[in-house]
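**Q** Feature table excerpt (Swiss-Prot):
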BINDING   855-863, 930-932, 936-939, 980-985, 998  ATP binding site
DOMAIN    849-1144  domain 'Protein kinase'
CARBOHYD  58  N-linked glycosylation site
CARBOHYD  149  N-linked glycosylation site
CARBOHYD  192  N-linked glycosylation site
CARBOHYD  204  N-linked glycosylation site
CARBOHYD  438  N-linked glycosylation site
CARBOHYD  465  N-linked glycosylation site
CARBOHYD  567  N-linked glycosylation site
CARBOHYD  607  N-linked glycosylation site
CARBOHYD  655  N-linked glycosylation site
CARBOHYD  679  N-linked glycosylation site
CARBOHYD  692  N-linked glycosylation site
CARBOHYD  711  N-linked glycosylation site
REGION    804-825  region 'Disordered'
REPEAT    101-125  repeat 'LRR 1'
REPEAT    150-172  repeat 'LRR 3'
REPEAT    173-196  repeat 'LRR 4'
REPEAT    221-245  repeat 'LRR 6'
REPEAT    270-293  repeat 'LRR 8'
REPEAT    296-319  repeat 'LRR 9'
REPEAT    320-343  repeat 'LRR 10'
REPEAT    344-367  repeat 'LRR 11'
REPEAT    415-439  repeat 'LRR 14'
REPEAT    513-536  repeat 'LRR 18'
REPEAT    632-656  repeat 'LRR 23'
REPEAT    706-728  repeat 'LRR 26'
SIGNAL    1-21  signal peptide
TRANSMEM  765-785  transmembrane segment
């Protein structure tokens, strides 16, 4: 039965009356409302709105602006009273038009990216009660009268901006909350704050640049609850007048330069709960009132650390609410303050960094609520009381750097909540208690610098939450147990300075979160390093120094892209230094001294642009010092001493402008000391002794301002020691054992040296005269022989003419050979970096560049297969000589320079230039590369599609993507932009290792016309900056190749590799491979993305997750905005993270994978 009409009418009316909906004006909105709409739209027009939060602000809406997001209106009038748009990443400036919102009461734009100044016109909105502009990038000063004009303002928060200038001096009486913290305000704190802001309850001026003193007038703010002035430059004393702030709850003055005492009256404010005056220069005694008791029973937290307090006034009683007592880093002495044991509710006690002595009393066990006990950096002695085991709530125990002795208390194993234990720098002995294995929440265990003995207890290796383990500098022995691999959360492992022996267990490869590994100074660790060590992707610090490791210098470290510190010193490593270490972009310290490393210094180390220390002393290195080391602009220490290096010191080394230490002593270096070394303005130590250096000492070395140590002894230097160097380094041993060197501080007088030089010149002159005389004599003899021969020939001619018979010479006697000798004019040779091949050999190997030998046609010319008589197979790129538009190859000198530069770009995933040829004929330009027998990725994907894709399983696709990303990342790191990343330019060697090709060739052709002619026959159309379907829209529009464009092209290749869909399969402007992938993900049709060879992936398996991660990496790389695309180094990191299981080796042949039945 339906309700009666009257009841329905009443219900409708009730709803209408009760609904507080916004007024509906439509086109009949009053002028003042239209003005507010215009002001809001003008405000919106000046902002960038990435979340489109204001997209619904439509002036034609009947309920505008009251229905707009972030806008609230007064009921009935429709006037805007609130504008709240927090946390929306809005950027731009705040429009002064907001001053038209005359009824605005609340303005909240906090946590955005707003910039510019605070509009002064906002001060005309007298109705404003609250302004929230914190956590933006606003700058400039606050106008002095700004706050005073806002007569109804109660809350003003602009913390976390870039505001500067002085703090305003006048405030409205209504102001209760003022937060100007974390800006750049300067000047002093206005003394008249209390005169105008009489109702102030919260005042935060922390983390600015305020100077001067704390105004005593702040003591008149009777309603003040919070006073925070931390992190400024305040001086003077703490005014006792602050004790008049009877409502004060929290006083924080940390991180200033306040002096004098802590006034007892301030500590005794009855309402005070938190007292923080740490990191100042306060002296005297800590007043008893600071610990609660009769004077102040409300105190909960007392922080007075980092001052110069020398004593503590012991309170008669302790506050019942006392929870935190921080007395660290003062000058307190005497025994442990046992009276603190009466604070039963104490949770944090920090006495570290003082001069307390004696034993820790058993009474510490009464602090049953204690969570943190920090006693480090004192002089406590004796044993740790077993009663500490009663502190069942303890989470942090710090006893470092004291004089504790005895065994580590087994009672610690009963403190099940312990997270951090620091026992280093004491004299603990005995074994590590097995009971520590009960601490299932333990995250950090540190016991360095004690006298602990025995093996590592197996119970330690069940601590699944342990992230930090430091047992260094003890007397622990035995082997490192394989169970160490159970510590899956471990990030830092330091076992250095012990007596462990045996090998590093392979289970260390399970520590995938490990960042620091220090096993140095064991002496008895030996054998080869486990390969699993090189699979720890987050490893940043490795020190294996001072052991007995052997074998070749491990090349596996080159796979650890995050590695910053590598120390292999004092071992028995042999072989050469791996060139692949030059591919470690983050490497800062490389030390491999005191080994048996031989061979030449790899020039690739110059690619480590962040390297600060290179220490390879005391090895068997030979050859020259690479001039490319000049690119190491951050290098501070270079020590190559005690090797067998030869040739000259490269003058380019002076480009290492950060060098502090340069040691090249005890080598076979020759030539002169480069005068350019004087450009090393930061150099402090220079040791060139025990070499074969010649010439004079450059006087400019004296211009190095901070040089403290110099040694050029035991060379073959000559001439006079520069006077400034002689007086600066007055020890004769600095210049000793140079027979031809003279002048102070040596005893060799330069006058005697000059006489010796004069005798040498006379001897040389006499020798020269002798040589000239002998030459003249030989010339006279030669002329006489010629005259004699001429006269004899004339006589024979006359005799023959007169008919005189002569005996005929017997055939062959005295006659020359009748045959013509072949002129062995050498054939023109290709400039090969590692072999000798002539141009004629290459013409024969390519059958005179026959079409049948063409491997590919690219935008830079034709690639020929060259099969040489000795079985060598190479790929020859022949650059076009001319084109339809008249473009020609660059002249020979420039071509050679570009080719030499390109030949230095080496990476395992790039096609490396092996040689070049620059004529004759004059228009021939050839580039020589390794032959890639397994074709390119485009062909491989096409074959995969014809065989249901089974020849390309997921691990192989991942390895291809990872290899290409590494090669492209190395190109970008070397300053090279590829410009045409596509499957046709990804080649495979005999081991199916991917190599990125066709890069760095643009400078070798004057214009693009020559490339265009050859590219016309390419399988995919090519633009000036890439290939259609792969080129980034922004790069195509700009007509210029960029790193961001390369990332986009790589993303397209990655999506094609994973899905099997070519970009050319999508027709029309509204569809491409990126949009297609996104649409499948939005539909949840992930199976549609799978290439046929990946259809057997189990959705519950890790490989399924890895595949999805790879898809997401591809979408990140193809972001529409170039600024949103990751760098290739980040792409490598993400792709390395895609494989959570073991990878197949990169040499695996994908065609050997059988197709499933």
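Here the Cβ of each residue, glycine as well, is placed from N, Cα and C on the backbone.
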**Q** Of the binding-site residues 861, 939, 982, which sits closest to residue 58 (N-linked glycosylation site) by Cα distance?
**A** 982
**Q** Which Cβ among the recorded positions (204, 465, 567, 936) has the fewest C-beta neighbours inside 10 Å?
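**A** Comparing Cβ neighbours within 10 Å for the recorded positions 204, 465, 567, 936, 465 has the fewest.
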**Q** Using C-alpha atoms only, work out the spacing between residue 204 (N-linked glycosylation site) and residue 939 (ATP binding site) and round it to an integer in Å.
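**A** With distance taken Cα to Cα, residue 939 (ATP binding site) is 67 Å from residue 204 (N-linked glycosylation site).
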**Q** Which of the recorded positions 692, 711, 855, 858, 985 has its Cα nearest to the Cα of residue 567 (N-linked glycosylation site)?
**A** 711
**Q** For each of 858, 861, count the other CB atoms within 10 A of its CB; which of these binding-site residues has the top count?
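**A** In terms of Cβ crowding, the pick is 861.
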**Q** Give the nonlocal contacts of the repeat 'LRR 4' (173-196) in its own chain as ranges (CB under 8 Å, at least six residues past its ends).
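**A** Answer is 134, 147-148, 151-167, 202-215, 217-221, 223, 228-229, 234.
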**Q** Within 10 Å of each Cβ, count the other Cβ atoms, then let me know which of the glycosylation sites 438, 607, 655, 692 comes out lowest.
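**A** Across 438, 607, 655, 692, these glycosylation sites, the one with fewest Cβ atoms within 10 Å is 692.
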**Q** Tally the residues of the repeat 'LRR 6' (221-245) by DSSP class, grouping H, G and I as helix, E and B as strand, and everything else as coil.
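**A** Breakdown, helix to coil: 5 helix, 4 strand, 16 coil.
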**Q** Cα-Cα separation of residue 655 (N-linked glycosylation site) and residue 679 (N-linked glycosylation site), in Å?
**A** 8
**Q** At a C-beta cut-off of under 8 Å, are there same-chain residues at least 6 beyond the repeat 'LRR 23' (632-656) that contact it? List them, or none.
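**A** Residues 588, 593, 601, 605-606, 608-626, 662-680, 682, 687-688, 693.
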**Q** Averaging the per-residue pLDDT over the repeat 'LRR 26' (706-728), what integer do you get?
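**A** Summarising the repeat 'LRR 26' (706-728) by its mean pLDDT gives 93.
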**Q** Just how many other Cβ atoms lie inside 10 Å of the Cβ on residue 982 (ATP binding site)?
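**A** For residue 982 (ATP binding site), the count of other Cβ atoms within 10 Å is 27.
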